[in-house]
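Worksheet: one structure, shown below.
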């Protein structure tokens, strides 16, 4: 049975048994769906993210819809209306709207679920090769079962969690890309067990694999992406298994012709799907608040009905016996019975105070708001022909209340590619970041047959010096770049391609290739390069691989001329302290580092050391010692270096990301970045995207831990420099919290720490969470939701972001390069992160503003309309007699007042789109919930009570001494109600369109036309029981008293609203008025110099990755003994020689 540890990861025992090529054994355990139930143990490989089936749609959807209290209430009202003794209004006036509401919402839910089903079908129908008795057969993903042996071809996606058995590469090594899992596009390697490699490699492979009968006993399915424990029992021996032997679902096989694997976990048991979370039905905060209001209205309605029933009983007991007519009408009923009937009569009569039409209109408005998002051309990305999508149709107003934004980094903020932009060689800076690729003059690289384009480096001076061989330091610099790395090469279609463990390394090797220094191939003990057309072979003597502690890597090579050199590159703080004394160009290089840091570029220093044969012989003996001694030896080898220069790489952001984050921060949104990268990489990206200001202090590590462990809420000083104390501390707005996944795991163990962490983070500028797993991303969202009332929005582009997207109040998926899992599970889909600014500040603000005004107005007009019956009850003996004509009640909501409020909810604006973006602080209105607070709701309800009193009492008083009858009174009150709510919508509307004007005119016209129709003699003759106001409208409107009463009633009812509007303009100055007097925001400029004394901005070379391929290269694992055939390399070399001869 699965358990959960204190860090949120599932803890399992090794009880999961997998038998290879044993369909009978696993067929008995396979978990098959039966109707809405699931049975047995093993999951199918088919993905099911949809919620409904043919059998479960109707009951499950109705169950979900009747979670709304209003739907239950109206169902009960319909049942009551079917009882003639208490049916004060006909049953069809409530039943038909209820059916329409349920149908519209059901069709919308069904449409969204069908879209999920289509997406699942596309994934489940992907092809894969499965070993069957007839050999490898192409089947679909959904047909894969536990225990199957699969063949994965190059560039194919892994369909299930597999145990790697063997591959086409030496030592059964294979390379995989994990972009759809952890967002990293660099390659990682997996290797099969030596026993399966040696025994299962054959030609053809089917024969050996079909006889493979190994038995795997491993941990139960869990959500841990970076660990695996198990054993392979085969041929009487036990072989230990770990994560390096496992290919996870979602990985892509790269640089390997084919690989063979045994299916361990399938379907929902796969690790990546275990991190995806459950489908969550989300509701907005406004909807939740309004549901509470609805419950309050119902309780008030029942209380009023009880009081009116008591009044009816007392009237029947004391007044009716004294009046002969009333006694005759009573029919001998007891006061208790009359009160009982009056109670249910008033429940039905007052039910329009919570009209079901509200929910129909609410759904329609959400749909229109979603269409407006999709139609916004400012959020259309022409590069992939993708508009913005609102996949959820009920979260629009929530977009205007976001307080916390939680974003992935790789592929969300960045473009998933690094670009070589500048370098400093021998104190001279080459390249510029101020020019775009379109504005800069392209380099003349026609002499280089290996140039494939894509170099974003623009400085012809360096190219000329290299070609003319005028700068030996530049040549040595590029030689270092082309030798000091762990990149793998392959030739495909006559071009050379690189696969690297670090995106930094790939960017540097590609840049060197474009500049004439081409890495061709490598073996275990050699590297082959082409320098300006001359092919050179270097003997690789030692490779000192990168680690997070060393923060550098080195290679020791023997040059073609016989000399020995050690090339080293790494973080500046590491390399600079290892230079020779009085090493040249240190000051100019330091200035270059400052300039590159101000440009938020990722920098690393490059150095070289000449080594004697005697030194090498001494080192070679030491390299055979233990690991601790080897580390010490590495430190001695990488001393007395001579500085060659500095590289500056841009972790290229998506277009508009810095501006978008700056605007979101001005809007009061707390931005958190959650990434699997390491700290240095995340911090560098934070500076470049304006998440962190240049003068911001970083709170991290032990200092953060001590702060959270402090027994008092006061903040104390833990260091002498750049920290805050009680008496003298910099503002919290200049502090960024940086926390790692391991620290987060410890944080989750102590609930008190979690609360302190969130409280501290809310005071700071931003938060960076580094090296976090997909499960931890979701835990961070839960932590914020638990300790704040803020609305959270999560945005990402990979499958590793799905759990976070589902957990947040709002999930946004980017249509990036990492697949479509994030989009398929998101509430909104965008093509660029910068579009998020318009989605929130414009559409979110508008939706919140419109929905709030809509709900306030709808609450006002329906409550004022329905409460008239209460006051009329005091004049009708509490008899539950309706004051309105029967047909006026449904038409009031459906025809007379529906269109203006719909136009208000669709077109209303307080500020234009440009104003929303320019004055982002207006967004804080939604965060504070100013427009839908208990105070504003109480004001609307009090105003509706006042209006209902005026609508009832003024006409009654005016007609008290006249001969006008009940029907004339009903027409007068109805007309006054229509005019009052129409004038109120005119007052509330700030942004007028032709549709608003047309809706108001059409609504008034419909009132007079439909009233004439229902008062016609023709309908009365056919249905006298339903149409009994024959000709009343003509008689009433011909009397001047009626029109004067309507005018007086309307003016009196709308007087408070007009007075409040005038006082608000005269006495107050809201933020919307101040907008027009504000000056344009000034552009934020970076300071001239960067303070390296505070937070060190040093190299982040390879910081986002683990160790590279160094161990594989030096051991020879996965490398050919000789250099592979280089298709096209000879022709390219000949072309280079001809070009050099011409030069």
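Cβ coordinates come from backbone N, Cα and C, glycine included.
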Per TrEMBL, the range holding transmembrane segment, considering 223-250, 251-278, 335-362, 363-390: 335-362
Feature transmembrane segment in TrEMBL, mapped to one of the ranges 905-930, 931-956, 1061-1086, 1087-1112: 931-956
Correct range for transmembrane segment (source TrEMBL, candidates 72-102, 103-133, 134-164): 72-102
178-200, 293-315, 408-430, 431-453 - the range that TrEMBL marks as transmembrane segment: 293-315
Those binding-site residues listed as 771, 800, and which of them has the most Cβ atoms within 10 Å of its own Cβ: 800
Same-chain residues at least 6 beyond the ends of the transmembrane segment (931-956) whose Cβ lies under 8 Å from its Cβ atoms: 286, 289-290, 293, 848-849, 852-853, 855-856, 859-861, 863-868, 870-872, 875, 883, 925, 969, 972-973, 976-977, 980, 1045, 1048-1049, 1052-1053, 1056-1057
Other CB atoms within 10 A, centred on residue 408 (active site, 4-aspartylphosphate intermediate): 29
Distance from residue 602 (ATP binding site) back to residue 797 (Mg(2+) binding site), taken between C-alpha atoms, in Å: 23
Candidates 72-102, 293-315, 335-362, 995-1015, 1027-1048; stretch with most C-beta pairs under 8 Å toward the transmembrane segment (854-874): 335-362
For the transmembrane segment (293-315), distant same-chain residues with Cβ under 8 A (at least six beyond the ends): 69-70, 73, 335-336, 338-344, 346-347, 350-351, 353-354, 859, 863, 870, 873-874, 877-880, 937
Nearest of the recorded positions (408, 410, 546, 676, 771) to residue 801 (Mg(2+) binding site) - Cα to Cα: 408
Long-range environment of the transmembrane segment (72-102) - Cβ separation under 8 angstroms, sequence gap at least 6: 62, 65-66, 294, 298, 341, 344-349, 351, 354-357, 359-360, 363, 880-882, 886, 889-890, 894, 1026
Tally of DSSP helical, extended and coil residues in the domain 'P-type ATPase N-terminal' (41-95): 26 helix, 1 strand, 28 coil
For the transmembrane segment (995-1015), sequence-distant contacts whose Cβ falls under 8 Å of one of its Cβ atoms, 6 or more beyond its ends: 885, 887-888, 891, 895-900, 902-904, 906-907, 971, 974-975, 978, 982, 985-986, 989, 1027, 1029-1034
